[in-house]
C-alpha cells in the first residue's frame, strides 16, 4: 500500500491534469497488482517444488550439503540432519560432526577432501558414521569443489543413506565366503587363501596345510539323524578354532571335511604337534540333547615351498588318504622338504 501511495504522488506531479493523473495511477495499480500476483504464484510454485524435493529426498534418503572453505560453515538440507540424528536447523559445528565418523572413514574423508581441494576436483566416499544417538549408518558422500577464479571457496554435494545396501552387500558376501552352519570360511575362501599363500610365506619359516576328515560321521547321521550330525559339525568347528588359534585359516570345505592353513611356524615339528592336537581334540565324545556321539579325525599334512605350492592340496589329500588307510584317527605327513629340518642344507 505504501508503494501504491508513493506511485500515486509521483504520477500526480507528472500528470498534466487530474483526469490524466487518475488514469496513470490506475495503470500503475493494475501493474503492481499483476506483479504481486505473479510473485505470489511463484512463491507458491517454489514452495511446492521445495515440498516435492524434501519428500523425494526423504524417500530416497538423500540430503544436500555444502561447506564454506574460508570458515568451515556448514549448510545442510533436512535429510542430512536426519541422517546424523541432529535436530533440524541446530547449529552445526564441523569439528563435532567429524567425531561421528569411524576412524577409518574419517582418515579417508580427510585424504580425499584435501586432494579434491588441491586439485579443484571432487570425490565419492562410502563412510561409516555413529550418530549422537548411537545409531550406526553408512552414507555415500559425493563432493565437488567450487572456485572463484583459481581459489577454492566452497565444497558441496550430496549424502545418501546406503545402510540397507551395505547390509545386503555384507550378507551376500558372507553367504559367498562363509559356511552357514558352522560360521567358518567356506571352500571358496579357503581356495583364495591357498592361492595367496606364496605372498604370505616367509623364507626360512614353515607353512603347511592340514586336511581333516571326520571318521565315523556317517554313522552319526544314520543313528541320530541329520540334526544331530549338524550339532556334531558345529562342535567340531568350535574345537578346531580353539586348537588352532594361531592358524591363518580354519575352514569347512565339504560335508565333514575341514582345512587348516598355517604359516610362520618355526619348524615342521611344531606343525606336527598341531596336527596331533587336532586329532586328540576331535577324538572326544560330543553330547547333545542327552545323546553321546563319538567321531574321530584323520589328518593329512603337506608343507609348502615355492616349488610345489600349486600341488599342496593334492599332497595333503594324499596324506589324508594314507592316514585313513593306516587305521584312521591319526595324522600323516606327505612330505617335509629337507631345507625345513636342515637349515644348513638351505644355507648351502
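Here the Cβ of each residue, glycine as well, is placed from N, Cα and C on the backbone.
All TrEMBL annotations are machine predictions without curation.
According to TrEMBL, the protein carries these features:
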DOMAIN    205-336  domain 'GGDEF'
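For the domain 'GGDEF' (205-336), DSSP puts the residue distribution at 58 helix, 40 strand, 34 coil. Summed and averaged per residue, pLDDT over the domain 'GGDEF' (205-336) gives 89.
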